[in-house]
Structure formats: structure tokens, C-alpha cells
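Okay, so here's the structure we're looking at.
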Amino acid sequence: MSGLGSGLRKAAPQLACLAVILFFNWLAFPGFFDLRLQDGRLFGSLVDVLNRGAPVAILAIGMTAVIASKGVDLSVGAVMAMAGAVAATMTVEGYSLPVVLLSSLAVGIACGLLNGLLVAVLELQPIVATLILMVAGRGIAQLITEGVIVTFVEPGLIFFGTGSFLGLPMPVIIAAALALLTVLVVRRTALGLLIESIGVNRSASTYAGINSRLLIVMIYTFCGFCAALAGIIAAADIRGADANNAGLWLELDAILAVVIGGTSLLGGRFSILMSVLGAIIIQSMNTGILISGFPPEYNLIVKAAVIILILLVQAASLSGFKLLLRPGAAATARKAEA
Amino acid sequence: MRRITLGEDAVSEPDLLLDATEIRKSFLGLKALDGVDFSVRKGEIHALLGENGAGKSTLIKVLTGVHKPDSGAIELDGQAVAVRDPMHAQQLGIGTVYQEVNLLPNLTVAENLYIGRQPRRFGLVDTRTMQKQARALLARYDIEIDVGAQLSSFSIAVQQLVAIARAVDMSGSVLILDEPTASLDSHEVELLFGVMRKLRDRGLGIVFITHFLDQVYAVSDRITVLRNGKLVGTRQTSDLMKVDLVSMMLGRTLAAATEHGRRAAPPPSERKISFSDFGRARSVAPFDLTISAGEVVGVAGLLGSGRTETARLLFGIDLPDRGTITVDGKPVRIASPRDAIRLGFGLCPEDRKADGIVGDLSVRENIALALQARRGWLRRMSTREQTELADRFVKALDIRTTDIEKPVKLLSGGNQQKVILARWLATQPRFLILDEPTRGIDVGAHAEIIELINKLCDEGLGLLVISSEIEEIVAYSTRVRVLRDRVHAGELAGAEISTDNIMRAIAAEHGAAR
Amino acid sequence: MTSSRLLPFYATLVIFLLAYAVCVIQFPNMLSTRVLGNLLTDNAFLGIAAVGMTFVIISGGIDLSVGSVIGFTSVLIAVLVTWYGIHPLAAFCIALTIATAFGAAMGAVIHYLDVPAFIVTLAGMFLARGMAFVITTDSIPIAHEFYTTLHGLYFRMPGGGRLTLIGGLMVIVFLAGIVVAHYTRFGSYIYALGGNKTSAELMGVPVARTTIGIYALSGFLSGLAGVVFSLYTSAGYSLSAVGVELDTIAAVVIGGTLLTGGVGLVAGTFVGVIIQGLIQTYIVFDGTLSSWWTKIVVGLLLFAFIALQRLLVVLSARKGSSQVATP
């Protein structure tokens, strides 16, 4: 732990960004920061931001590890839909809650394992490898739900979506617990260092004796697990599984959260907590647009603007304006020097 | 501008096609070219030689406009020119055929010849005319192939000839061939030489880059040797003995500080690693090699002689297709670098940037990496432990960095090399393989690394050191393995070890191109 | 053109013929021009967008904005025609211009900022979908007489099948795509970029112009697909064509184009599109199967083809390693 101070300093741009967004939210809705305790549970827009942002935060946790290893997982949205479908249908069929949860998580783990094997063993490009499940996953989810929205009333499962613990909504608790646990596992073991190492230079890492293949399989498996967890929460939240819309486009939100959190798409250094912060920033924008009275669809334009902004900032800081002026020559020179 | 080269005809050279003078080029303060003169005459084949990092490719890139020289002048047919980019170089008449960045294997032969200038009819590409032209063009090189077939369906030799045909057709004054023979068999090499001679007789100036000395003598008229970014000299091929050429290439520029006496062989040790009948098809011919504790085996040989391939084989990166390994008499199996590391091996790779450093990680993390990988991910080294380790090695190896938390990519080459050495020393290895440990680092660091090799050896480590610096090898080796054309061709020991003997062994009957 | 490169395409062709044979054996009715005509009509917008995607993927890129651009153009046309009373033909021109400019802009960003295509077109996907929502979130039916006229235009094939205007348009786009790919310099530049960008640049391929052109073409064809979608549904809805980019990518890959670029055939994509249509038709004929099977089967085919391509690459690398010496 290199001290809270330096951590905060690194997070300064993101925190400032969040503060600005929250400020605008407050302008749009003066009651934004109001919190009240009712029936032992906190209510308020801020809590709402955290609650709504929880599934993307959970996805972003898994996605961070994947992106840090120089990969990407496009299938998390579809895996969410599958996990939710499994949870809902098994609940309706009367299985007990632990069996339902374990089965649902197992589906996510199996999907992640498949992705990991395709990337690490078949050495497919991550985009290509995970595209397969992105396409087929939603179909499988519909197969499980037989094309209808399966609703359930099992209070145990619903608790994961709308229940509360210690005054906070369950999704927030789960996301926070997962984030802390992951940070602990990644930073208290050597996993974090090893993941960053293969993300920066896989060849050198192999020379140094790191089992990069196994590590990559583990990373994608973990990402699948996270997606399943997010899928369970999303299903519990709406008390049903909607194979068509559950997790739709969330893979992109998760990637965006990771990128906002400062992890490079080219792999390497990562921070789980910063990605969670990224997810909160995205949700704050969503909420802000909503309470400003704009239709929620405006989100997409804002997200596009954010991506373009990040690209511009990265391009400017990476290679200066030389790149902007003479791109072709720059590319040639880079290749030539390598 | 016209300068007079020593030892050559001092009369103004009327046949000069290309004349580059006093070319300088630095990358990040490292001098890649330091005042190099180079010229190409009409109707000559001019061989450009030098080890890796000598500056050959930088010179070519300056001549073809990939890099801008920091200073110096380039004249073409007596006219000063500033080459903007490779396209511009082509238009000026300098065509280049690269070894790797070849043509486009996924296009047809005809498309490769005419891309961007395909004949058109009614606005559409006239494939028939294009193929007819392509056939006519290739017929001049005695190549008769289906020009409508994909380039990748032909042998490398044919692809190479197609590339030459294209370059000559587009430029037609100076032709640069960058290691064109690296992947050709001897018959194909003859074919290529035939074409080169024909083009020479037509008045082209050909620059021929290779590391096969026999080929140099077979086809070239003049030879220029570069070494560490400097011009060693330009000679008529007919006047230059092969041993002299090798000595020009491998040179005698080592700092005096490293001129230690020859090492005595260590007392016979039971602690030894033996590879027997070890080999891999198309990589290195089967060889036997034993390394005892406390000895340094130097590996000498020219580029492409199988040096790096040997290192990769010993460390489990490439798997041998034959042979056995014993460690202290016990048979073992190495199927991956992890296996090798478990046995106490370490490898500092030749390509530091691609296979050695993990650039974005800190000096501390880079040093701890191999030890951590061996311990497994569950048993994390605490930051304090890593810091102590790093501090210890920064001090012991005199790694110059302001801070062990600095990303290792910001360090100089020599210090990066020391970081990788530290990474392995941290694992307390018994056998270290160093592939070109002193390449691309400054003179001071160079001497230190040689010092270090001697020290490690004294401490009982077994080392295998690959180097193209012969004097360096003489300075630290107890035995010297000489490689030639992917064969372990001989071994020198004790009093036999001298620069002259090694060079003679390398130059001797330097075989035909594979 | 040698066999190993074309193997995926032949595999696709064989799979299509086998699948069609199975369909016909089970439902003899499927062997009719009526089914054929419907296949073309129902998949027209998918096919047109897939031609653009084929070029993008051959060049080594990807375009995730396709579905959103289709949705956007269909909404734009609907609004222009019904709210502003603009003639559909003029509306088409406006929509196509915007879509083309949109694609060109993405290509420019990809080239000049040197960022991965998938991130840039992802932003494009958000942007186009967002703009569609900004115009309106309602579904707007188009009841213009010009649309009725166009619907009345079709060619009656022997056997009663109808080759509709949009079905015919798709066939024309595919034919034009084949001409562009194999009979223009631009086409050869696209293959060159996908083969090896550095080599292409050294050989004088105008990389900037080609990259921008490729994405502009993809944008144009996505816009055209939007026009066709508008004709097909006679409506504009901002949520339409969600996920079509995935269907088009699947069609391109199943059609034998290498996702890593450099190799592929426009004609293969046509077969890929028709295979997807065939699966849907089979499901309709069967009556008991549900539509989600399409996605699963497409996913399986995708997996099979990617694995096949990977295998071919590995095999050719093994063959090549005998020739390429380590420098």
C-alpha cells in the first residue's frame, strides 16, 4: 500500500470529473445530495447512483483484469443474460437458492473458461474470441428462458437486487465487497504484478518464468464470474430474466469504465478501485441526464463524447502533436525503429 | 563535396551513382551512425557488412528516406538530394528490397508488381494487360510463373526476385538488397546472384547486405564494413583477405580496462550441466555441451550462425527435437522456461526490449519478477522484500537510476541489461546464459558487465556468454565454442584462446549459404 | 488465387449447399423461387451492410457502428418524409450523404489518431444511436405514395417468386462490391492494407486516403442499408437494427474472410448472409423451433470458421518456418 495520499493524487482527474458531474446534477436537482434513513435503509439520489452503477462496477472489476492483460472481453453482456436466465428459470422450477446461485455462477465461470482457452491456447485475438459468445450467448439465454421474460417471486433471490444490508442496497454491498476482495487478492498476492507483467510484455514475462497461459485463462474465468454475478443482480432487480435486454451494451460500459479509470487498452498497470470509480462516473452521468429531464437516450451521445475526449487526450499526451501533423511518417518511423 | 577516399583511385569518380558523405544519426543520444561515408558506382555490387547494431540498417534507412540524417550529404548522379520518404527514394531511383517487410503476400504477383499503377480500361483495372506486362517483366529475369497467383504461393526465392523486378522497374538506378539470401538455399542463391550480375552488367549499382562471407566474395566488387556506427573501411573485394575482413567486422576496439589475462580452467567439478546430442531441425545441428560450475563458455560466431538459437534451445524456449540433458548426472527434462528456471537456469536475451525488460514496470518489479514467478503467485514478496532485493542489486551491480520505482524503460541500455542480470541473480541461479550482454551499451557499462561476468564465475556460477566482440570473449572465457552455419563447429580451450584463433575458426571454410 | 486461402470460402459454399439440401429434403417447398425471393428481400439490408463490413474487415479493421447507422438513417428518412414533407428521394440523398461523411470521419480519426478501429467505431455506434434517439424515440410510419410505387416494383421470377426492388438492389451492391474489390486500384489498396500496412505504405499505397475511403464506403453502405430498411419496414424507429453489426460480422467471417484482414471475398459474404437467412427460413418452416436458434447456430458457425482459419494460419506458419530463417 503506497499510501492514501499518492493514490488520491493519481485519481485527481477522475475525482475532479466526478465532482463536476455531481455539481451539475445538484444544479439540475437541488435535492441531489439529500439522504434520508427510512426503515433502516438509506435513500437518496447518491445511493441511487451507487445502486444503479453496481452491475457495471462489477463487470468493470473483471474487465480491468482482462484489459490489464492486453485483452478485452466483449461477451460479458451476453454472459449476464445467460446467468440471469439460469437463475430465473431454476428459481421458477423450484431449486433452492444456493443451488440457483451456484449454477448461475458456474455458467459464468464456464463461459469465462471458454474465452480464456480460446485466447490463451488457440491464441485467437481477444476481440475475435469473445465475439463468439457475444453472438451466441444471447441466443443461449433465450433458449434457457424459451424466449419469454421469466419472472419470479422468490424473496431470497430478489433480496440480491432490492434488499439492503447495513443500510445500503445489496448490489452496492456486493460490488463493494467484490472490489475489496479483488483488490486484496490481487495486491496481497503476486497476481497483480504478474498480470501487469504479461500485459506489458508477454514474451519477456514468459522468459522470466511466468506461466502466462494459465494466468490468462484465470483472468478470463474471473471476468466470466463477475459477469454472472452482475447478471444475477440485474435479474433480481427486475425480478425476472429478459434474455433480450439484460446486460445489453453493458460490455461497452464496462470497457469505458476501465478506460476512464486510467487502465490503458494496451495493457499493463491497472487499478480495480479506479475502474469502480469509472463506473460510478458513468452512472452519475446517466443519472444526471435523467434528472435534468433529458430522455435517457442522450446517455449514448455523452458516452461517445467521453470516448472521443479520452482518445484525443491520449493521442496528445502519448506522442505529442507530431502524430497529429504527420501520422504516416510517425507510423513508419515507429516500425522502423522497432 | 567530392571527397577522395584513401586507398582508392583519387581521380574524380565519373561513374558514381550515389554518394553519401559524413552521415550522422543519433537516436535518444545513442550514435547509430557517426560520420559514415558510403558510395555506389555504376555497374558494381557493393557489399555492406557489419554485425547487429553496426549501423547497416540505419544507413539504409537514411538512404531511403525512412530516417532523416542529423547531418551529412547525399548526392545522386552528382546532384544533392534530400530524400523525403521511401516513395520519394523510389522516384529518385533508389529501390530497396527488404528481408522481412517484403511485398504483400496476399496479393497476386502481378498486383504486387503494379499496385498503384495498374493499367486501366474504362476506369477499371485491366487485369489482362497487367498480367501480360507482368509476364513480360519477369521474363527478363527468366522467371516464368503464373502472375495471377498469390505471391505467397511461391517460394521465398521467387518472391525475392519479384521484389527485385519491382524495385528495378520502378527505380532502376540503385538497388539495395537487405539480406536477400537469408532464407534461400544454395541453388536459389545462385539464381539470385545470376540476376544480380545481369543487373550489374546493365549498369545498376547494387548494395548487397548479408552476413554470409562466402557470398560476399562470390558476387561483390567492393566491400564496406561498419562497426558500432562508424565506417571501418571500404575495400576492393579482390584485395581483401577473408581473415582481414573478419577482423574488420569484429574489430579490436574494446576498452583496455577489460583486457584481463586468460582465465584458468576451474578445478574439475561434479556440479555440471550436460546437453548431449542436443539439436533442433532448421535451427541448430545436434551438439554436445557441458558447463561446469565456475566456468565461462564463450560462444563466438557471426550473425546467423546459430548463436541465439542455441541459447533458446538450452533455456526451453524452443524445444529440441533430439537430445538429452543431465544436471549433476541426473537426467532432467526442460519443456519451458519455467522448467529451466526451476533447475536454476537464467537467460538474458539478445533482444532486450522485446524479450527482456517489462518496460512499464519499475526497476524494483523487474528485478523481483523471476524470483516471484518461481515462488508462485500465492507467496507474494512484500514490497519491502522487493525493495530490499532491488536496493541490494542496484548497489551490487551499480545500476544507475534515480529511483527504484522508475519505469525500467527510462533507463539506459546498459542499466537495463544490469536490471535483467539482477533479475536472474536474485533467483540464485547455477547457470546463466547471456546473449550479447554488452550490445548497444556504452563503453563504461561495457567494462562493468565484463567485470561482473568474471566475478560471477569466481563465485561458482556456470556461464554461457554469446558475443560478437571477440576480444571480450577472450577476456572472460575458459572455453570458446565456435559456431558456423548453424553448426557447433569447434571448441578452443586454454592457450588456444586468442582473437586470431577465434577469427580464423570463424572464417575457415565458411560454408556456402546453407 | 490459391486453394488454401479460398478454403474457408469453399467450406462455406459446401455448408450452404448441404444445409439447403437438408432443408429441401425436409421441406420440399423451400426449393422455390418464392423462398429465394424472400431470402433476398428479407436479408437485403443485412447484405448491403455486410458488403461494407467485408471491405472494412479485409483492410484489417472493424466497424461496430453499422447497426446504429442503419437505425439512424431509417429514423432520419422517416422524419424528413413525414414531418418535413421532403420527397423520399431527396431524403435518401441527405441520409446517404450524412452516413458517408460519418464513416469518413471515423476513418480519419482511426488513421490520424492511430487508435484501434474498434474503439473509434464504438464511439460512432453510441453517437449514431444517440442522434437517432435525439431525433425521436417514437416509431414513425411512412405512408408516402413513392414508397407504394417502389413496393410495386418487382420482377416476377418463374415459379411465382418476387425479386423485389430491395432484393435486387442487394444483388447489385454485391456485384458492385466484387468489381470494386477486384477491378479497381482502391480494391487492391484495401487488400494491401489488410496484408501488411507497413509494406503497403512502402509500396506507395495511399494509406490515409484508403483508410478514410474504406470507412466512408462502409458508412455509405450502412446508410444504404438504412434506406432499404426504411423501404422494407415502411417506418423509422430509433431502436431498430440493434446488434446488426454482429450479424454482419458473422456473415463476413462465415463467408470466409479472415478477421485479421488481408484475405476475403465479397461473394463469400453473400453466401454468409444467405446462410443466416436460410437458418431463419428453416425455423419459420419448422414452426416449432424458436428464432433464438439462429443466434446459437450462427455462433457455432462463427466458432467453427474462426477455428478453421486459425488452423490454416498455424499450418501455413509451420510450413513457412522451414523457409524463414531467424535473423
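Numbering starts at 1 and runs along the chain as displayed.
Every residue, even glycine, has its Cβ placed from backbone N, Cα and C.
Among the features that TrEMBL reports, transmembrane segment is placed at C:6-27 (among others).
Away from its own ends, the transmembrane segment (C:39-58) comes close to residues 66, 70, 117, 162-164, 166-171, 173-174, 177, 180-181, 190-191, 194, 214-215, 217-222, 224-226, 228-229, 232, 241, 244-245, 247-249, 251-253, 255, 257-259, 261-266, 268-270, 272-274, 276-278, 280-281 of its chain (Cβ-Cβ under 8 Å, at least six residues beyond either end). Under the heading transmembrane segment, TrEMBL lists C:39-58 (among others).
The transmembrane segment annotation in TrEMBL covers C:64-84 (among others).
What TrEMBL records for C:91-113 (among others) is transmembrane segment. Counting only same-chain residues 6+ beyond the ends of the transmembrane segment (C:91-113), those with a CB under 8 A from a CB of the stretch are 61, 63, 65, 69, 72-73, 76-77, 80-81, 120-121, 124, 128, 207-208, 211-220, 222-224, 226-227.
TrEMBL lists C:119-142 (among others) with the feature transmembrane segment.
The feature transmembrane segment is assigned by TrEMBL to C:163-183 (among others). Residues 37, 40-41, 43-45, 47-48, 51, 54-55, 58, 150-151, 153-157, 190-191, 217, 221, 224, 228, 231-232, 265-267, 269-270 of the same chain lie 6 or more positions beyond the ends of the transmembrane segment (C:163-183) yet place their CB under 8 Å from a CB of it.
Using a Cβ-Cβ cut-off under 8 Å and counting only residues 6 or more beyond its ends in the same chain, the transmembrane segment (C:212-237) has close neighbours at 41-42, 44-46, 48-49, 51-53, 55-56, 59, 61, 63, 65-66, 69-79, 92, 95-96, 98-104, 106-108, 110-111, 121, 138-143, 147, 150-151, 165-166, 169-170, 173, 180, 186, 190, 193, 244. Here TrEMBL flags C:212-237 (among others) as transmembrane segment.
If you look up TrEMBL, you'll see C:249-279 (among others) marked as transmembrane segment. Tertiary neighbourhood of the transmembrane segment (C:249-279): same-chain residues 5-13, 15-16, 19-20, 23, 39, 42-43, 46-47, 50-51, 53-54, 57-62, 174, 177-178, 181, 191, 193-196, 293-294, 297-299, 301-302, 305-306, 309, 313, selected by CB-CB distance under 8 Å and a gap of 6+ residues from either end.
The transmembrane segment annotation in TrEMBL covers C:291-313 (among others).
Taking every recorded stretch in C:6-27, C:119-142, C:291-313 and counting its Cβ pairs under 8 Å to the transmembrane segment (C:64-84), the highest total belongs to C:119-142.
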